Amino acid sequence: MESLLLPVLLLLAVLWTQAAALINLKYSVEEEQRAGTVIANVAKDAREAGFALDPRQASAFRVVSNSAPHLVDINPSSGLLVTKQKIDRDLLCRQSPKCIISLEVMSSSMEICVIKVEIKDLNDNAPSFPAAQIELEISEAASPGTRIPLDSAYDPDSGSFGVQTYELTPNELFGLEIKTRGDGSRFAELVVEKSLDRETQSHYSFRITALDGGDPPHMGTVGLSIKVTDSNDNNPVFGESTYSVSVPENSPPNTPVIRLNASDPDEGTNGQVVYSFYGYVNDRTRELFQIDPHSGLVTVTGALDYEEGHVYELDVQAKDLGPNSIPAHCKVTVSVLDTNDNPPIINLLSVNSELVEVSESAPPGYVIALVRVSDRDSGLNGRVQCRLLGNVPFRLQEYESFSTILVDGRLDREQHDQYNLTIQARDSGVPMLQSAKSFTVRITDENDNHPHFSKPYYQVIVQENNTPGAYLLSVSARDPDMGLNGSVSYQIVPSQVRDMPVFTYVSINPNSGDIYALRSFNHEQTKAFEFKVLAKDGGLPSLQSNATVRVIILDVNDNTPVITAPPLINGTAEVYIPRNSGIGYLVTVVKADDYDEGENGRVTYDMTEGDRGFFEIDQVNGEVRTTRTFNENSKPSYELIVVAHDHGKTSLSASALVLIYLSPALDAQESMGSVNLSLIFIIALGSIAGILFVTMIFVAIKCKRDNKEIRTYNCSNCLTITCLLGCFIKGQNSKCLHCISVSPNSEEQDKKAEEKVSLRGKRIAEYSYGHQKKSSKKKKISKNDIRLVPRDVEETDKMNVVSCSSLTSSLNYFDYHQQTLPLGCRRSESTFLNVENQNTRNTTASHIYHHSFNSQGPQQPDLIINGVPLPETENYSFDSNYVNSRAHLIKSSSTFKDLEGNSLKDSGHEESDQTDSEHDVQRSLYCDTAVNDVLNTSVTSMGSQMPDHDQNEGFHCREECRILGHSDRCWMPRNPMPTRSKSPEHVRNIIALSIEATAADVEAYDDCGPTKRTFATFGKDVSSHRAEERPILKGKRTVDVTICSPKVNSAIREAGNGCEAISPVTSPLHLKSPLPTKPSISYTVALAPPAHDLEHHANSGASRPSEAEPRGADNEKVMHEVNPIRKDGRDKESPSVKRLKDIVL
């Protein structure tokens, strides 16, 4: 039995389900089968019973226990139950009614299968007797009914295949009676049926046949020899035929079991009784018990074990020593009593008997191990109770034949990574026996912890103007998980800071959590910003958490105060006060803005230089007031240097020159009190708004009326200034193409064209030649006086520039009102056309005073500001007398970045667009500032190359355009944005707008040194011109707007004193390039007098002073004549002239 129970002690894998699965499978096989006989397919039957078997695993079953491992076994891979050798049931189970082999196997899915194989008996053995002959002696005194037990036949087969009956040779004296023992075996007794008479017959011979229950039955025979002896009248007699006795299993040897006593009334040897085991008493029983033949005491001779056998039957006979003794028989049944002599046995079924691993995410009720506890004792001695020792998050759940260890709480590896479990089992016997089994449970890690920041809110303070890449702070998050589950990486959550991604402000090291600044912060733009940092682990799926980081930017004194009031021009403000101002009179209010905060942005005011004795300034509000009174003897102007400085640790300041002029005294009522500046400001704004509104309505109505005549724009060259002028004179945009390509060739055509010239064109002509109220020689020009002709190649390095027409200054002109030649316009010869007088087209003429420039560069400039070309670069160098604020404005100009919006836009609608040149009503206001800037600015320019394209076709023209006419797309620019390509293929447009002079208008010029020449003053002798130089001049006259500011006149007068500018109305400009590789270009600023003045001075050549006379007087004379004309033309500008100026500008 011990060998059969040893496999139960094997340890197996952990059961995965919450309750262990257990099934019972029963099979049967007949004995005497050869080795390898397949009993059953356990895998198939287990799968049908609900087992989850993994076909991918090589080993599906494992035997836990096997009561006959030498006879049967299970194939672990196929699950077939097979025999290992020939099974002899008669030898294995002897006479047991059932012969069963038990196996317990566990599948790969941790499920238990109990298999019982019943060995079916075959009738393969015949009954046999222990001896070949049975000899009996029967006293003749034996009365009928006397029973004499016979030796039983033995049949190894069991059940119905064992001995079932006995047969005796038929006779009249003796018979057989069949009886059954307690173990089911049958035996026969010989019964005397009639009285015997030794004298009649003393010897009998019979045959006894034993039959089993087979079909056909097997049989065994034995001879029976009966000898009739003389009688012993009394036989021993037992008190009872059956005795029952019990003995503890732990009884030592020689322990008495029972004392038998059989009485015999005879005397002597006939009454002396002898005891012995008789009949069928197996050898094992004879090993355990013995009987004293004289006393009849039955004692224990071997070790009793209740678990091995708990009932034994002893057949005892007693006979006297007399002759013809007839023995007496009795049966003693010995019951072995169970004692608590076996402690419980604990078997742990898991993957590893010493170490069990379970995930910390295992839910309550999860099975981690299977426990089987056994006790060989019976009853209360074998009733076992199990429990887990200690306070652990596990519990033991008991079932009928096994127990499971379940998770009974939340497991947390971070708090407790392993447990030592002890299982204790105890029985209920007396004394109580117990046993214990210990093993280790290791908790495996799961990604169940989020990264945890050391604090949810971080704040860092950094000064503005920090270095990009500067370290700000570090964030830290901890994850108590292990391995990748505990590795933390950082990233910034996408967000916006001032409409910009936060990634443009800061970055984070994903491993260390260090945060760095990606830009230099500006407190004035961003005082503080927040963003979130995300920390996530490396588990699957990853867990994450975030923290908020706030960056506070401290202000530093990095902004210089900017004086905003009074308005400054080149750092100078002019203020007018009445001469009769009293003490405390408010002269002006100085205002300065500082974008810093706190003390860094608090501005105070002071006067550092100038006439401080006459004025004082309030340091807080910047009010400049008088400290003295003024009279008629006071000087007309005063100067103050006003300084605005902040209160930062390193104070920054800005200064301005305030020029205070004394104006005529105010009336008494006007001089009382200070002027209400707010009221004046409101009235001025209202007036300007009203004027602008009326102007817009007038322009809209006018444009709408003009556009209703025809709404097609088929001229690809109308984007140039020259073409716009020609189209404007004709008054019809649709015929712009004809204004370039068509010119009358006959006087009849000239007259028809001259009749069509509108009043607008006449006013333009009048304005272009000057306007005189009282002159009777006023000469008008018609459309026939203006013709666009191809410019000669040798003059491509010269450009006539239209002069300015307004005296008003504005610093914003350079920023927003620069004219450009549309880059999309085709560079054809029509781009380089001159306006030519039809009447003097073939006559010899000379230049009138005009702006010209000479260049040796390969290209022409892209930008023209009031007729003066600017270089392509956006950064300029200025002379020392040019103020820094002007340079700042030009460098920061947005005009160079958006030329398309101001130069190329034409919507094609009836009304002008807001960015069209016709819509810009303030363009003339910026002229003088531009002229002054040009007079003080040095720039460089590139030359141009003459393209070879057809003058009437645009970039988008096709062959159909020559037949059907041009469409809107023909004049559209090729590139929407101007590029600054310096390739030779990218040619520029230069507009030369000239009007030929008549022969009477030819001017004289004089040499200035051996190499330089400039135009002579009015009234010089025409004969002074050398004949060989006349053809070079081409006789063209610039259509210039001749109204300029007094500053320009003074500059011209100063320039006229030198040899470089002999003419009083010309002044050379030298524009210097910031790039040393480009050649410098010389410009000549010219003011054209009216045509009749030219004739007047040309005809009065005899009365002119000689060349040796001083030229200053001649200059003054001309200027006296020119200035009234210029003033008169400025006072009586017509709307057409204004529009012409807008177009030209």
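Each residue's number is its place along the chain shown, starting with 1.
Backbone N, Cα and C atoms are what each Cβ position is placed from, and that goes for glycine too.
Keep in mind the model is a prediction, meaning the values are calculated, not measured.
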From Glu249, Glu267, Glu398, grab the residue that Swiss-Prot records in the same Ca(2+) 7 site as Asp305, Glu307, Asp341, Asn342.
Glu249
Need a hand: Swiss-Prot gives Glu464, Glu524, Asp555, Val556, Asp558 for Ca(2+) 14, which of Asp417, Asp427, Asp596 is also on that list?
Asp596
Select, from Asn465, Asn546, Asn875, the one residue given the annotation N-linked glycosylation site by Swiss-Prot.
Asn546
Can you find which of Asp408, Asp412, Asp514, Asp537 Swiss-Prot lists as binding Ca(2+) 12 at the same site as Asn447, Asn449, Asp479, Asp481, Asn485?
Asp537
Residues near the Ca(2+) 9 site, Asn340, Asn342, Asp375, Asp377, Asn381, Asp427 excluded, by Cβ within 8 Å of the Cβ center?
Asp338, Asp341, Pro343, Pro344, Arg376, Ser378, Gly382, Val384, Gly429, Leu433
Neighbour count (Cβ, 10 Å) for Asn342 (Ca(2+) 9 binding site):
20
Whole-number answer please: how many Å between the C-alpha atoms of Asn381 (Ca(2+) 9 binding site) and Asp448 (Ca(2+) 10 binding site)?
48
In sequence order, what residues of the same chain, 6+ apart, have a Cβ less than 8 Å from the Cβ of Asp427 (Ca(2+) 9 binding site)?
Asn340, Pro343, Pro344, Asp375, Asp377, Leu380, Asn381, Gly382, Arg383, Val384, Gln385, Leu433, Gln434
Rounded inter-Cα distance in Å - Asp448 (Ca(2+) 10 binding site), Asn342 (Ca(2+) 9 binding site):
47
Among the binding-site residues listed here (Asp377, Asp412), identify the one with the smallest other-Cβ count within 10 Å.
Asp412
C-alpha of Glu360 (Ca(2+) 10 binding site) to C-alpha of Asn342 (Ca(2+) 9 binding site): distance in Å?
38
Hey, how far is Asp412 (Ca(2+) 10 binding site) from Asn342 (Ca(2+) 9 binding site), Cα to Cα, in Å?
40
